[in-house]
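Before any comments, here is the structure.
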Amino acid sequence: MTDEGLTEGLLISPIRNGTVIDHIKGGEGLNVLRILGLTGTCTVSLSVATNVTSRQMGRKDIVKIENRELLKEEVDRIALIAPQSSINIIREFRVFDKKGVDIPNQICGVIRCPNPGCITNTNEPVTSRFTIQQSGLRCHYCDWLITKDIASHII
């Protein structure tokens, strides 16, 4: 059987109120959940679609979070691994607000520096701080540059 002539439909049910994170690079949806602290033990109702066909992106992920609107700090975290994503606020099954994410200039307390000698990885009470650059994330304290696999460094 071919898929010619089939109508496009919803892959996951709509939510009444909450947040839909769309246009996440295919395969990154679970990392988005991780950086939001939404794990298997949370009580929030979640829907995740992975590697959905997208005309714009080829493949994308979608995350739906019922009865929760994201804070700016959470959106900034998402921007680190999904800079092309859009955040849709849903109220009574309708899109109330839709916007893209903005990559912040600096992010604190979100990324763990991979340099074992960095002051943020010692027993000192220092919060990690990274400057976002075109080439990657640069540690404010030791100048270490993270250029790939940013999701694995998220605290």
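Glycine is treated like the rest: Cβ placed from N, Cα and C.
As recorded in Swiss-Prot:
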{"type": "BINDING", "residues": "Cys113, Cys118, Cys139, Cys142", "note": "Zn(2+) binding site"}
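In the three-state DSSP scheme, Cys113 (Zn(2+) binding site) falls into the coil class.
For the binding-site residues given as Cys139, Cys142, the lowest number of other CB atoms within 10 Å of the residue's CB is seen at Cys142. DSSP assigns Cys118 (Zn(2+) binding site) to coil in the three-state reduction, placing it in neither a helix nor a strand. Annotation note: Cys139 (Zn(2+) binding site) sits in a strand segment as assigned by DSSP.
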